[in-house]
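Have a look at the structure below before the remarks.
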Amino acid sequence: MDAYTLHIATAFASAMMTISLLGLFIASPREYSLLDWSFAGLCFFATNGLTVLVFHSEQPFWVAPVLTNAFYFAGHCALLVGVRRYFGLKTHWQFGVGLALVIAAVHLLPWVQASVANRLLLFFPLLMLINSLTISVLWRYGGRELRLACMPLLVLELLFLLQLLLRTLILGTTSDMNLTYAGSQFFQTSGTLAIFVFLSLGTMACAMMVIRRQELELRQLTTIDPLTGWFNRRALNDIAVREFERSARTSSELGLLVLDIDHFKKINDTYGHVDGDEALKHVTNTCALLLRGYDYLFRFGGEEFVILLPGSDHECTRKLANRLRLKIQSEPVTLGQDRVALTISIGVAQRRERDQSWLQILERADSALYHAKQSGRDRVAFHNGLELSQVS
């Protein structure tokens, strides 16, 4: 494929990037990173569109290469800005604007004007720096849930950086390369092909990142209790089944707590439902401080909660339950003008070898909770499958 056809194809890929991501933004108007990436496509379209004009007629120096290079850098900066905005980071878009203006200004230097090779030797390291920054943000902030969705763009940026590095080494070690602007030498057409592939796949990579985050947000709406931030009852069965099967398969321990806020109806009646919600959040936030990162926390309904404890044996589960009870007891919550002491009752149960379902553990923990309440509340009770015992 000759240089002219490649530039037309790349201009088309740029236009498709702009139109596709702008259309996705119209459908998802909260994803402002899509606007940045659409603008990037527009900048790359301007670069290739102006270059195509060079094949038809001679253009003034300020058009090609000054504007084409400025737009090219602006496109890469806009990609970086979009990635930073995607992760909620400060975008530093002023950096991109400033760099594009600097790129345009350096063309006034005689050394830059002297040859295409000089310009490439100056600009390639700057492009590699922008690519490196983009890769760094994608890797650092991708996180467990977004890492796989961010990987295509990360790999594209890495491959693009590597081809820039290779071309820089070739350019720096070869003395007889007579490059011309918009020339058809393999060194230049390979670079145009690289940006064509980068834009074609980059459009899909950016869209994948947005779609993945929307999927996670939708999942959160269906599985997370909005008041407490704990999993809701809908999520309980799926997670509990998975952990029960894993525990049975590996013969590992699995503890379960059912806890209930004592006299919660009285709190609602006295202070109202708004303050009642504050009491719920106080309890869940306080409990979360004592739990491990891999424990599962659920709002079971109203003022009742379930905590699933993978790998926690009988003694650890009982000790944790009592620490939770004492922690809540020792930290009153402010409701209106009052400091109100709250207490909780907790039912404790462990997985047994003869259990066929996690619901059997839940039933024992629920029986233990009932026993704790009947024994005067502010208690922890344990059901070992045969009998109930009060811990404290």
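Just so you know, glycine gets a Cβ as well, placed from its N, Cα and C.
Noted in TrEMBL for the protein shown:
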DOMAIN    252-385  domain 'GGDEF'
TRANSMEM  6-27  transmembrane segment
TRANSMEM  34-55  transmembrane segment
TRANSMEM  61-83  transmembrane segment
TRANSMEM  95-114  transmembrane segment
TRANSMEM  120-139  transmembrane segment
TRANSMEM  146-166  transmembrane segment
TRANSMEM  186-211  transmembrane segment
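Counting residues of the domain 'GGDEF' (252-385) by DSSP class, helix then strand then coil, yields 60 helix, 38 strand, 36 coil. Ranked by number of Cβ pairs under 8 Å to the transmembrane segment (6-27), the listed stretches 34-55, 95-114, 146-166, 186-211 are led by 34-55. The predicted model assigns the domain 'GGDEF' (252-385) a mean pLDDT of 92.
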